[in-house]
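Below is one structure; the comments refer to it alone.
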Amino acid sequence: GKHNSAPMFMLDLYNAMAVEEGGGPAGQGFSYPYKAVFSTQGPPLASLQDSHFLTDADMVMSFVNLVEHDKEFFHPRYHHREFRFDLSKIPEGEAVTAAEFRIYKDYIRERFDNETFRISVYQVLQEHLGRESDLFLLDSRTLWASEEGWLVFDITATSNHWVVNPRHNLGLQLCVETLDGQSINPK
């Protein structure tokens, strides 16, 4: 569920880093061998580049989505999901060296395996009453319905902007469309 996805990801990340560094914390005062147990099956959580960032970092933080329910859609054929994160827990003076928006994409059984979709992540720049928000495209990916696993989007610049200007933190929007532009509900 929503409230345990970030902690489970952090546990998996810890286990991935511990295994990579030589088997975990057994050499750190534990008298028993450490066996990593991962909560998700799938591709590695940390890429080689992520591992370099993590090795140099003195802190890793995870944030859960604060949006409980998506707003009613103004345009009945435009579907999206909203995500908001409270970055006020980042200690003052700390530099954010990397920030990622990670979502897990399930296998879409209701579609043909080779059907392709475009997944786009937008920064919400301004919200309006009675019409769509102003958005800035951060990244998009084209995926098959049969693909499954973590999707990682780099939002370092956006999160740094939000840390410096918290009132501009209006969140992210995720949109899914077919390649011919038909909006799909990203449930």
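Yeah, the Cβs are placed from backbone N, Cα and C, and that goes for glycine too.
As recorded in Swiss-Prot:
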- Asn114: N-linked glycosylation site (CARBOHYD)
### Message
Neighbour count, 10 Å Cβ-Cβ cut-off, for the residue listed as 'N-linked glycosylation site': what number do you get?
### Response
8
### Query
Can you check what DSSP calls the residue listed as 'N-linked glycosylation site', collapsed to helix, strand or coil?
coil
